[in-house]
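Q: The UTP binding site annotation in TrEMBL covers LYS127, GLN190, GLY222, ASP253, LYS396. Per TrEMBL, the feature substrate binding site maps to HIS223.
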Amino acid sequence: MSFYVEGLSRGVPNGKMAQFQEVMRQQLETSMDRELEKLLSTSKGAEAEVSKKDFEGFKDLFHRFLQVKGPSVDWAKINRPPEDSILPYDRIKASGLPDNMADSLNKLAVVKLNGGLGTSMGCKGPKSLISVRNENTFLDLTVQQIEHLNKTYNTSVPLVLMNSFNTDEDTKKILQKYTHHRVKIHTFNQSRYPRINKESLLPVANDMGVTGENADVWYPPGHGNIYASFYNSGLLDQLIAEGKEYIFVSNIDNLGATVDLHILHHLLSQPNGKRCEFVMEVTDKTRADVKGGTLIQYEGKLRLLEIAQVPKAHVDEFKSVTKFKIFNTNNLWISLRAIKRLQEQNTMNMEVIVNPKTLDGGLNVIQLETAVGAAIKSFDNAQGINVPRSRFLPVKTTSDLLLVMSNLYSLQAGSLTMSQKREFPTTPHVKLGSSFTKVQEYLTRFESIPDMLELDHLTVSGDVTFGKNVSLKGTVIIIANHGDRIDIPAGAMLENKIVSGNLRILDH
């Protein structure tokens, strides 16, 4: 039962508890249905039809939310995945590629999750439109990658963008610039769900509008919504009719998530009855990844375990690098026919994620979400593939942006690869302070991006600027105290140095 319902039942005699809680659940669902009908009555035409489908999905999620009994896993039942359920990438690569790679590529569509805004990096509009390298945006790089594939192999791999109501309009405007590129681009929208008041468990919205006072009462319900939205859009059936068999799904801000021909060949070379319907790319966990979801064996099925599902007493164990050695990159390969089957049978099962938020006016709300990888347990013959770390290169902060803009990487046909001049394959640990959080401010602090080929660790805090052609090596820590400013001069070479408030340069 939901802990919200549980909270309402304090003081009820034990013998009548279950009955009371069931009545409460039914009342909450009835009240929710009534409020959703009221909201629907404020929309018209095509929008009303879309919203009706969205609300069906929301009702199902709300129903499951009310049923949840605390943490969704029994820790005692968690096992490590069997050896053969997570394949090393090298083994897949060793089997080589067929001569007719074009046939395999023509069975693929690439889906990028494009619902997020650039607000955490101080940018307006879709995150995918932020420039990350040589004036190229995330979206530019994605189009270049797929166009390169299509030209090289004479194929027609389409790009599919899952937008949200936050990103759809701006994204569609920009898509016109790719008209003459050799990539067919489709879009569909993830659902729009109502945020609910934490106390009343009813929608905050008064009507279906998304502007003015209604600007923050709706939300896109996490990337687990891809299955229903993709199916409802008609695009799933269209791609199947065009002969597509698999989609490669990834976050648009993961610059390492390029189409991997070896994984695609592995999927399509399985015998028909043993076809793997779902592959999750995982990679070895480092101390920086302790919160990432991991794969476990649970009740005979491969399953994604997220930190939010872990009982408090076991969180440290979950974060351990020794027990759970891998984490989910959110690069997924999924069978289109399997998605269609599971949607039509209504057997796609994903845990409900409860995400608490506080609106600008101080109102506490919750939004119910699901994660795309959590559906792994619903698919047949699901597998993990342990891929190189290079396939996980997310840009979530300006610290990440500094890495991908630097000479650590070279750019070719939209793909970033680690420079061969770097002697070891790991990326440096970079931590830029709050003065660098917003992209515009970050850009003004670097006259040019420093040489970082031999850098291990960089920490910068306070009011710091970098001149042209600065070189950073080993461990470099630069801290300007409050009221101080540090300007690293043009051409400076800092190797294993601590630079503090009064510009003393010390050996580290």
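Positions of Cβ are set from backbone N, Cα and C atoms, glycine also.
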Q: Please determine which of the binding-site residues listed here (LYS127, HIS223, LYS396) has the lowest count of neighbouring CB atoms within 10 Å.
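A: Counting other Cβ atoms within 10 Å of each of the binding-site residues LYS127, HIS223, LYS396 gives the minimum at LYS396.
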Q: Could you measure between GLN190 (UTP binding site) and the residue listed as 'substrate binding site' for me? Cα positions, answer in whole angstrom.
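A: Cα-Cα distance, GLN190 (UTP binding site) to the residue listed as 'substrate binding site': 8 Å.
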Q: Among LYS127, GLN190, GLY222, ASP253, LYS396, which the record lists as binding UTP, how far apart in Å are the two most distant Cα atoms?
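A: Binding-site diameter by Cα atoms for UTP: 21 Å.
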Q: Tell me the Cα distance separating HIS223 (substrate binding site) from LYS396 (UTP binding site), rounded to the nearest angstrom.
A: 16
Q: Excluding near sequence neighbours, so keeping only residues 6 or more apart in the same chain, what lies with its CB under 8 A of GLY222 (UTP binding site)?
A: ILE353, ASN355, GLU369, THR370, ALA371, VAL372
